[in-house]
There are 2 protein chains.
Amino acid sequence: MNYARPDIQAMTGYTPGEQPKGTKVIKLNTNENPYPASPKVTEAITRAAQAGLQKYPDASGTAFRMRAGDVLGVDPDWILCGNGSDDILTIATRTFVGENDAVRYATPSYVLYKTLAEIQGAVQDVVRYERDWTLGYEFVAPAERLKLAYLANPNSPSGTVLQPGEVAAIADALPCPLLVDEAYVDFADSNCLDLVRTNERVMVSRTLSKSYALAGLRFGYVVAQPAIIEQMAKVKDSYNCDALAIAGATAAIDDQAWLVENVAKVRATRGRLAAALGELGFAVTDSQANFVWAVHPTLSHEELYLDLKSQGVLVRYMRYDHWGDGLRVSVGADEQIDALLALLAPLVRGR
Amino acid sequence: MNYARPDIQAMTGYTPGEQPKGTKVIKLNTNENPYPASPKVTEAITRAAQAGLQKYPDASGTAFRMRAGDVLGVDPDWILCGNGSDDILTIATRTFVGENDAVRYATPSYVLYKTLAEIQGAVQDVVRYERDWTLGYEFVAPAERLKLAYLANPNSPSGTVLQPGEVAAIADALPCPLLVDEAYVDFADSNCLDLVRTNERVMVSRTLSKSYALAGLRFGYVVAQPAIIEQMAKVKDSYNCDALAIAGATAAIDDQAWLVENVAKVRATRGRLAAALGELGFAVTDSQANFVWAVHPTLSHEELYLDLKSQGVLVRYMRYDHWGDGLRVSVGADEQIDALLALLAPLVRGR
């Protein structure tokens, strides 16, 4: 017998990108940062571990919120910490969306939005991106019981960005709160943090997984007006962030010099990767993230993915209903990208 | 305007026990272990931090599940890891309970069950413990839309235990799955793990916060039959446990010698604490956990709590509707308990 809710039984569950064992694989499939985090993070974690973990952590991650507030120019009360920004997305969904309420998101985008809606028993109002990765009027259309819209900006898999003015217009026109998922924003030229100040319906979520090279630490946060934060705080697990993550995240956001240098390296490699893929015949979307979206006009993306995988290079093969497929390639270290290109060239030219 | 779901707006949220800043306070209010975790945990965490955190952690915590499976004598597929056992309770609630479904729990018990029901928009079917901390027939009574029952065993604040045979009878009689919350079970003489093997409706949750002295690490798990685990796995955040927590938890459960020694110390101090409180005139319930529940026949528990707090000793003052109040005192280190008793004696005798 199955006791799970029918919604849960019916869903397949979110499948994260492959995480192969072993270290020989060149992993360009889950948008991890190829460089280790700031050494100050390791030091802070080691200190916290040595201080002992027998006590509960600070339930609201005060140390992080204080430091992040300084860096971002917002009051700590405008920040809620999460166990990764996936936790923030979960908390927002549970705070705003009831069973049979509706959520809106665009496609192709982060596929977790669908999973979160399914778990919550919510109706999915899915808007397709235009072919130039702009969003049509449907994204702001009125709809019954619409309680939350998610917008990945920069978007994945495209790496494209809607400018803050466009997002402001979307937020103003939407009949519900808008969660701007800025997981990749540190690699972009603009962000939407300022919108939070003037529009209580805008929430901006961030993660330390990508630009701070801390996917293994699970730490994200959301910036929103205090009345919104207060409601979301009721929904989060009391101690959702552990003492090591709080210590590490605080040290990470404190080291802005490290961030600037890392982002510059990743962006430089991104430019080189995009140009090289273009030379190999791919259509490469201009990316503001730490990955590029590459579509080949004639070759099978799935076969390319499998060929690369068999030779030890993992990229992400993505197929979206009513849209098509392509390869999302994370910006690795230069030598990883060189290895990818060296394998890809004969695959592309040989056919 | 408030965009949160009406259920969320209406609730007050779970208030965890006070976590005072500073180290001078003697903290006997949140059932933390007074001793630091096994040194092997610190070593494992330091190693994991130094290995780099830029990659996502293993989504299912395989290393922990393998080691825990050995220790517990269950297959790793019967284990799901959580970001603390609160995460497990949240996952179970979301897996089995829809809006307007019902959950059942006893009172006085862990107050998070109420919060989880409120967040999920569920109806609460609350059964009062008998005065001797047994459970009446109401706990197994049929009820419409009843989808999940929570049972803390050992219970908090009482520290009392229902024997496995009693829990088996409850599980058999209940019309829904039963989550046996064994957060404190390592301090007890019995546990319900064996029930999972024979009853697919029994789930047993555990935490490393108490007996492994790792409240700051956030790690818990549930043992259940694979068909149940499979459904719950869809609901958990993909990467709900970070790489440091997985490494630390694996080292912790691997060091059973440390556990045995620690539990022996805590149990010895528990006996001494209970006897001393009895001599001071309290009625002390026989405890199988790392705390004792003390009720004084005449004095105000709230005043005692405040008097102790003003002198730097924090115990937990608990008041339950239709039940009464009392003091829940965590089993600290011997010198902490000595300090508590030294302060308490004049407070009790002076009135």
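Every residue gets a Cβ built from N, Cα and C, even glycine.
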Note to self: Quick test of your reading of TrEMBL: among A:1-21, A:22-42, where does it put region 'Disordered'?
What the structure shows: A:1-21
Next item on the list: Using Cβ-Cβ distances, find the residues under 8 Å from A:K210 (N6-(pyridoxal phosphate)lysine) that belong to the same chain and are at least 6 apart in sequence, listing them in sequence order.
Entry: A:N31, A:E32, A:N33, A:A183, A:Y184, A:D186, A:F187, A:N290
Note to self: Within the domain 'Aminotransferase class I/classII large' (A:23-342), what mean pLDDT does the predicted structure show?
What the structure shows: 97
